[in-house]
Amino acid sequence: QLPFLDTGYFFYHNGIAKARRRRSLQHKLHLEKDSRVRKAVQQEGFSRRKRGYRDINDIDINMNDPLFTKQWYLINTGQADGTPGLDLNVAEAWELGYTGKGVTIGIMDDGIDYLHPDLASNYNAKASYDFSSNDPYPYPRYTDDWFNSHGTRCAGEVSAAANNNICGVGVAYNSKVAGIRMLDQPFMTDIIEASSISHMPQVIDIYSASWGPTDNGKTVDGPRELTLQAMADGVNKGRGGKGSIYVWASGDGGSYDDCNCDGYASSMWTISINSAINDGRTALYDESCSSTLASTFSNGRKRNPEAGVATTDLYGNCTLRHSGTSAAAPEAAGVFALALEANLDLTWRDMQHLTVLTSKRNQLHDEVHQWRRNGVGLEFNHLFGYGVLDAGAMVKMAKDWKTVPERFHCVGGSIQEPE
């Protein structure tokens, strides 16, 4: 008897081939002629696939972009001497239908080659601006050494188009990218930083920053007054009150520096991202600190020309040489774009919670800073944070995520000591 039907029964006949409907038809007709039977239905087989984890070898991702097979941080099959399976697990998110559509990422950097054929279709001109030159065209300033290729490379990691036979594929290849040129002037000013961080917060969902104070091991610096106000305004009013999402590179100062001394990476309003190389070890330039929330990937093992991050380069070119935590932050921005497509109602604090809960230790290993469990039992490392971002796990959790309560802010009184 069927439990959900009071008068329904299921009959199974060993003698009837399950693939031959004609041979079972006579049995169905006999049942229908019986006065005690109101309805008889012959069950037929059809296909259903699990909507969850699938082994990477079973996922059919066909991209014709020439550098796609070299993008080991997207799908690591062991290329460039890497560790198979140590990647961002974007394949699972893509298989679930999430590609960043409807999400805009602002690249705050030295400009974007928005004429690049791998970026042009995803470039959001209306959301872009050049704060270095004060005009709406954030194209990189030419130098003989291509010094201003940084922003173009970061943009390609996030939003390079798929299946166009050009360069590689962005983590969120259907997302839109906005260029915010603000790093190419003799000196930075508070107003340029503040203007960049607060540029079009109702259009730009995620701001990616692969820069910060000098990584020399002796600089303690961070956002100034106007920039602090702009960041606070962004998380409170951006995205219709859900909050702008700020992604920051942890820094490239190595063991001689500490990203806690970077007021951008250590801000409660940012998601600080460090990097790992393609065999799970730390990069020589990685800084340790308690503020790093998670990791993505930068360049791979030494002396392997194909172990860098593959992305777009200036003047329509491609590169395999992008590296540093500069490369790590845009990858994270791409993963967050996938999560936002799964749930546009995520707040800036929701994204931090999702980052903590879905990042994986995977095969990351650190010989100096041990993995430890915090007060709620989650593993944490001062170089890798809570682990490497897992795009598949994040979009699945994001889809049904319930918004966390508003931040509880306690302000204590002041004590005036007698003179």
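Positions of Cβ are set from backbone N, Cα and C atoms, glycine also.
Quick caveat, the model's predicted, so the values are computed rather than measured.
Taken straight from TrEMBL:
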type: ACT_SITE; residues: Asp109; note: active site, charge relay system
type: ACT_SITE; residues: His150; note: active site, charge relay system
type: ACT_SITE; residues: Ser326; note: active site, charge relay system
type: DOMAIN; residues: 3-51; note: domain 'Peptidase S8 pro-domain'
type: DOMAIN; residues: 100-387; note: domain 'Peptidase S8/S53'
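Under 8 Å, Cβ to Cβ, and six or more positions away along its own chain, Ser326 (active site, charge relay system) finds His150, Arg153, Cys154, Ser210, Trp211, Ala249, Asp252, Ser298.
Cβ neighbour counts within 10 Å, taken over all protein chains shown, single out Asp109 as the most crowded of the active-site residues Asp109, His150. For the domain 'Peptidase S8/S53' (100-387), the model gives a mean pLDDT of 94. In the three-state DSSP reading, His150 (active site, charge relay system) counts as helix.
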